[in-house]
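Student: One structure, pasted below without further comment.
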């Protein structure tokens, strides 16, 4: 039967009250009563029912009611769209709005504002621009909510120029509008623009909210604009805003992110009702500043406050324990994690695997990994990283294939770890299989992975493959150039080494100490002496002559080219001489039969407190052989085990 106007209004009012209270059960009861009375709802009652279910948090019921509406007007559409926005389903909201327009229903200002909010949530700039055009056509551009939503959309999508145009076109600017623009610059990390805008707001004597201050503090944190942040902190104290919990936490976050641990601690101590999030910020700030011991002490203090640490607390603490490097402390933290029941948290377990691996306890890390119930890609990557350069790197192929069998998709980090293991194993067959997987995953044109491929092929000695991978790189950085140059140098392909070096210079990439050292190692005869001298002059111009790697390479280069005096001159110019550089100079003397000078240099090395290694002792033995000092050579030989604790090998027993 067709209900009276009075009944329709009564039920609409009841649904409105349910929406205000958020009472889902009451909404269902009233809905049931409407069905029992066979009342035929009008558009207003339909919209009230949809709105009630939306406000009570049941988007499913709201959509079921919406689907039964015979003629759906803009109000019911807007109610459902706003419900999806409220529930965080921005993409569904945009789809509904598109469907509404296809059905010929024109949006009102509330629909447009809601739709723009959905676009800003899912960063759908293109659809947001269409709504902007529609708002202009329908004459809703002066509406405060539409304007604020437009500023928010453009700001969140990084289109600050458009955001400013919309902002400045408003005759009257509310605090909400200012906040939307400020938040855009805060997210971008443009501290200078943010503070300029805030001071304009302050000079206009507009009454800004605590949310405004929090937004500006967030911007200072994101941009590292700490000087302005400190000024703003003083203003917040003067205005009495530091008593507000939200403002105080954003100040704490700012100092924490900017690495000012002591200032963060002062703010923290002023908080009356701190929570575990605030404790976490202090601990992570100290840990990131390399103050891991203090971070551990702050964690111990949590126990006296009654706060229960969460998974983030333990993930920070595990990182601190890794830095401290005390295995007993690491095991204590592991025990504490088990006590609080966080050992099954993936974030914490990943940290534990990394902690054990980085502290040299690879198999403890493997045990933690095997006990994990919810592994993710990070878990596998952390495990694979532990086998790089380790004597058990032969297990990497099995781990990689097991990862694939478990259904995990390898990413850039995975491939980099596996490729490094290929280098350690000198397994070109496995390396090519990994290359095939990289192509299959469409990562062969990625610079990060491509550079790792170049490094793998170069270290294995497959220089043609390295060259192919290198030439596929879109952006060839210094590391990639150094890798290919070092590969050619180690293979004694001098011309290719120097050709690559010249190409690198033509592309405007400046060499570092490792690049120069690699090139110098290729200049090993008189034919390349001229190139070696050019590299020497370049090292002088670049200010790299004081670098030990470069100087040692220069000593070695001049020595191999027979220029002993030049080698001596470079060596004497070294400020800090280590075992490697002494070995190079002593080796030059031995190479040209100057045993006396070699032994004198060895004595000077010991006088400087430099510890000899196996290479030093082997070179010195050759020096004794050059001078036919058999007895002295035997005495020196006995020193290997007695003084240096080295066990002689077949190479030491062999004659030169």
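Every residue, even glycine, has its Cβ placed from backbone N, Cα and C.
What TrEMBL records for 73-107, 143-177, 275-309, 376-410, 477-511, 578-612 is repeat 'PPR'.
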Student: Which residue counts does DSSP give the repeat 'PPR' (73-107) for helix, strand and coil?
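Tutor: Counts, helix then strand then coil: 26 helix, 0 strand, 9 coil.
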Student: Give the residue counts of the repeat 'PPR' (477-511) per reduced DSSP state, in the order helix, strand, coil.
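Tutor: Summed by class, the stretch gives 26 helix, 0 strand, 9 coil.
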Student: Quick one: DSSP breakdown of the repeat 'PPR' (578-612) into helix, strand and coil?
Tutor: 26 helix, 0 strand, 9 coil
